[in-house]
Amino acid sequence: MQSVIAQAKRIVVKVGSSLVTNDGKGLDHDAIARWAAQIAKLRVAGKEVVLVSSGAIAEGMQRLGWVRRPKEIHELQAAAAVGQMGLAQVYESQFGRYGIRTAQVLLTHADLADRERYLNARSTLLTLLSLGVVPIINENDTVVTDEIKFGDNDTLGALVTNLIEGDALVILTDQRGLYTADPRKDPAAQFVDEALAGTPELEAMAGGAGTSIGRGGMLTKILAAKRAAKSGAHTTIASGREANVLERLAAGEAIGTQLLAPTGRLTARKQWMADHLQLRGRVVIDNGAVEKLTSGGKSLLPIGVTEVQGEFARGEVIACVDAQGKEVARGITNYSSAEARLIARKPSSEIESVLGHLNEPELIHRDNLVLV
């Protein structure tokens, strides 16, 4: 088995908090120097690399003299603001030793949910890569409260992979890779060398919490691989403690767990829809509509909608869920939530008489709909 990284031309590397900090006590400059050296060699080998790095909050805690990670959102935001300065400085210094320029890019979920901002971010990152710059990306912890409380950079790594149409995502952690159970609790746990990304069995294998400094457990990495696979990118989950792990992966050595993407990828527009993390509304659809969407590749008509939940405007991305609340698809709605409530369960021929106008005969056209 050969590493999928060997054939990848555009790679997103996510480095966790434990791999760039001294047990949460500020940044580990020596470790960051080693990451810079390895990425520099990948660049020489002709690969484009985007780095997603944690560590801002841990560095901020060190600079502010805080021993324990605070629980208050505003204190976490303050630590992130202070720490981001140090994180950017260290990376700039270490990459500069190899004549490589770096760029700091701070993103929020909102940046990727808005279509225009999404395209702007994509253009910026692709331009930086064309200029030979290594973008160093982090979530903008200072302004996004829900990211600090619930988010993780594994998800961000997958989103960035899809954003730039990367070939592979490498998630480096303090674990060897994926096991069938938590090896710290179950001595019978088996290591998983390779699997198909996005299967329910993988999610069942994944454990929960991570370390006290980082926020992501193995489940977030499994879900990140599932998300990246939608754009055709393979994911490798490996230990960042392995010597020269990036160089060895690029040379073809199989290290860690490889989660392979199924054949085929979503179009860029449908990938953008699939990557929405926060949706303002959803529609409950009947079994007939579920069948038409999942098997027939049809559009969603108002007659198949049994309930409208949340408040949304025309042109927003909404979820389509079955009677049990399971999301089966999402897409761009042709009608607002208020309009959708009026035309739900009605044939398309009655839309104009009910609303006084007809935008489209479909609530969501199949070209603007993606299965999840």
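Heads up, residue numbers simply count up from 1 along the chain you see.
Glycine is treated like the rest: Cβ placed from N, Cα and C.
As recorded in Swiss-Prot, the features of this protein are as follows:
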| type | residues | note |
| --- | --- | --- |
| BINDING | K14, T173, D174 | ATP binding site |
| BINDING | S54, D141, N153 | substrate binding site |
| DOMAIN | 280-358 | domain 'PUA' |
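Secondary structure of the domain 'PUA' (280-358), assigned with DSSP and counted as helix (H, G, I), strand (E, B) and coil, comes to 26 helix, 23 strand, 30 coil.
When the binding-site residues K14, T173, D174 are screened for a C-alpha within 10 angstroms of the C-alpha of S54 (substrate binding site), the residues that qualify, in sequence order, are K14. Within 10 Å of the C-beta of D141 (substrate binding site) there are 25 other C-beta atoms, taking all protein chains into account. Residue pair D174 (ATP binding site) / N153 (substrate binding site) shows a Cα separation of 15 Å. When the record's ATP-binding residues K14, T173, D174 are compared pairwise by CA position, the greatest distance found is 12 Å. Put simply, K14 (ATP binding site) is 16 Å from D141 (substrate binding site) when counted between their Cα atoms. Across the residues annotated as binding substrate (S54, D141, N153), the two Cα atoms farthest apart lie 11 Å from each other. Sequence-distant neighbours of T173 (ATP binding site) (same chain, 6+ residues apart, CB-CB distance under 8 A): G16, S18, L19, K221, I237, A238, S239, G240. DSSP assigns N153 (substrate binding site) to a helix in the three-state reduction. In the three-state DSSP classification, T173 (ATP binding site) falls within a strand. Cβ neighbour count for N153 (substrate binding site): 27 (other Cβ atoms within 10 Å of its Cβ, all protein chains included). DSSP gives K14 (ATP binding site) a strand state.
For the domain 'PUA' (280-358), the model's average pLDDT works out to 95. Between the candidate binding-site residues, K14, S54, D174, the densest Cβ environment within 10 Å is the one around K14.
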